[in-house]
């Protein structure tokens, strides 16, 4: 019965996590569209500290979409461990990349498609090897977990680093370094996930008829979640306004996932009872996701598709062998004759200029 219940919870958490990724991936596009509309109107941009986006309905649509995604994510954490739910956030990168190519004219080339595939494969591997977290069923148990010295040290470091980034590094380098605002969102996001996990336990106890509202931890977790989410929204908007969506989304995912996995491992001791193959599988899946995300966005400005792959290979072969296509070969291929002649002429012109000849002019 317990095993059946565990599988049932696993399926619910999996569906909720996937739904969350779809809503959150779409929210990035809606928010970006709203911010672009404001920029065209000449309003003070979010990256400069403006809040005109609060009057833009597209931004609110994106916020509602993100809210729906976070609610689904909230519920997923109540049914499944964080190391199962969080890696599925890679799907939001995939959704965002695909929608960006349609609505923001951000092209998705061959590298990007391979990156999307690798992100999905890496997420699948991480789900298969996801560790089991320690059972925490009451707020008293959660309070004991939060008071663990290891977690207290981790939370303190997160708060200190966030404050330094917000008040010292952000004003100086936030406009030029993409990592500043995204790091703020990501490390604070690790604490927000812990708050969500605790509130999920509180909601379960509330439905069971226990006096949860009288427990001080419930209100502390709720207040902490509001502060964390508000900070995340503010600095994520700044990052989206300044930098390209297709760059912000994957970097945010990588740093956020790393922070959550670290926090979850410290708080719930998920790695203590894992087999060696599961540890290797989890890290391999996460590294696969990172490689996929790198391919997805590192070469996003390169116009490289399956259609021009053979032509690129032929050009590479000619360059490697130091040979030039003859005019005779060009005329033997009618459909490529114009391109070939242009290539031959440009090569001859370059050679003439290098030799100091004026005949090319």
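Along the chain as shown, residues are numbered 1 onward.
Glycine too: its Cβ is placed from the backbone N, Cα and C atoms.
Taken straight from TrEMBL:
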TRANSMEM  12-30  transmembrane segment
TRANSMEM  57-79  transmembrane segment
TRANSMEM  85-104  transmembrane segment
TRANSMEM  111-130  transmembrane segment
TRANSMEM  150-171  transmembrane segment
TRANSMEM  178-203  transmembrane segment
TRANSMEM  215-235  transmembrane segment
TRANSMEM  247-267  transmembrane segment
TRANSMEM  279-299  transmembrane segment
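Contact between the transmembrane segment (85-104) and the transmembrane segment (12-30) holds: at least three of their C-beta pairs are under 8 Å, each pair 6 or more apart in sequence.
No contact links the transmembrane segment (178-203) to the transmembrane segment (12-30), because fewer than 3 Cβ pairs that are 6 or more residues apart lie under 8 A.
Within the same chain, residues 25, 28, 81-83, 86-87, 89-90, 92-93, 96-97, 133, 145-146, 148, 150-151, 154, 158, 178-179, 182-183, 185-187, 189-191, 193-194, 197, 236, 239-240, 286, 289-290, 293-294, 296-297, 300 sit at least 6 positions outside the transmembrane segment (247-267) and bring their C-beta atoms closer than 8 Å to a C-beta of that stretch. Beyond its flanks by at least six residues, the transmembrane segment (57-79) meets 9-10, 12-14, 16-17, 19-24, 26-35, 37-38, 85, 92, 193, 196-197, 199-201, 203-204, 229, 233 of its own chain at Cβ-Cβ distances under 8 Å. Long-range contacts of the transmembrane segment (111-130) within the same chain, counting only residues at least 6 positions beyond its ends with a Cβ under 8 Å from a Cβ of the stretch, are 14, 81, 83-84, 87-88, 90-91, 93-94, 97-98, 277-282, 284-300, 302, 304.
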